[in-house]
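For reference, the structure discussed in these notes is given below.
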Amino acid sequence: MIESRYTKWIALIAVWTAVGLILSTEVYFTVRVTRPEIQFWDVLASQYARVSLWALLTPVILWLRRVLPLSTWRWVGGVGFHLTLSLAVMSGYYLARIAFVMIKQGEPMADFWEVAWVNFFGRNLIDVVFYWAIMGAGYTFEIYRKYKNEQIKAAQLESRLVQTELSSLKQQLHPHFLFNTMNTIAVLVREARNEEAVSLLSKLSALLRISLDTSRVEEVTVRQEMEFLERYIDIQKMRFADRLSVSTDISTEALEARIPNLLLQPLVENAILHGVAPKSGPGLVRVLGSVLEGRLHLEVIDNGMGIDNAKTDRSREGIGLTNTRERLNRIYGTHSQLVLKSEPGQGTTVSIVLPRRV
């Protein structure tokens, strides 16, 4: 807060110093035409006396703008008040200044109003411009501050929505997955396959630990997503035994890209549950990733049962794909693409194209 105040005062001094220098230069070269003996430093002192007053008045004017904005009394009153005040400030300053100069130079005060009239209307209306420039700057900064605050609020709201969405997604995915895994462990224990049961518990523990560590993380690298996915696949392999094989082929460049947390896991789960599980023979799920022309390409492919294209939109648009499609649309808009292709008996491919973020 203190640093912010210092910054504001430094900016105020810097602006009015620059204005004073510009005015001094303009006045010097204008007056020099008729008064070649004039010294630049005399002009500089005179103009800096002028801008120093406005520098001191700036906080007061900005305060008045907040207390009595232009919208006061349906605009007419607000504009009238500030217009009157700007003229009053300018008049008071210059009448006092002219009186001081005339007294100092021994000029008769009987000529005061004539001299004041010439100086006031002939040379000094720029001070009215100063007043309204300060008002305009105040409104400009207020609009900018409101804009930044709205951006911050929008970002905070977006973050809360992402957290809610991610929590909701995990709540939808975890219950049936945990139920199936615990059921598998119970079967292993009943069959006295204790080592396998302990191994599965260990893998489940590792999976849940990663899930907790990233529970509030909106984006992860593809590498982090794959670490989570590998543990998930290990558990599924113990459930499906020789019926499930999974291969991955992801380029180094793709591994470093950032994607929404839990983007691939629902797609792999879909491939296993809807593609491999109904199949009588061995099933294969492939996860591919590459970067082409600055865009991240991800694919989840299975050689499962497949579905008819006419049924594609509704048959596989379960929790996984529906949430994934909605998340991508919200985060990336038209810059993302999700395509589902499937043929009966040939398997299914889910392709995602995203802007590459690192």
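Backbone N, Cα and C define each Cβ position, glycine as well.
Here is what TrEMBL records for this protein:
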type     : residues : note
TRANSMEM : 9-31     : transmembrane segment
TRANSMEM : 51-68    : transmembrane segment
TRANSMEM : 75-96    : transmembrane segment
TRANSMEM : 116-141  : transmembrane segment
DOMAIN   : 263-358  : domain 'Histidine kinase'
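Same-chain residues lying 6+ beyond the ends of the transmembrane segment (9-31) with a Cβ under 8 Å from its Cβ atoms: 38, 40, 43-44, 46-48, 50-52, 54-55, 58-59. Mean per-residue pLDDT, taken over the domain 'Histidine kinase' (263-358), amounts to 83. With DSSP states grouped into helix (H, G, I), strand (E, B) and coil, the domain 'Histidine kinase' (263-358) comes out at 36 helix, 35 strand, 25 coil.
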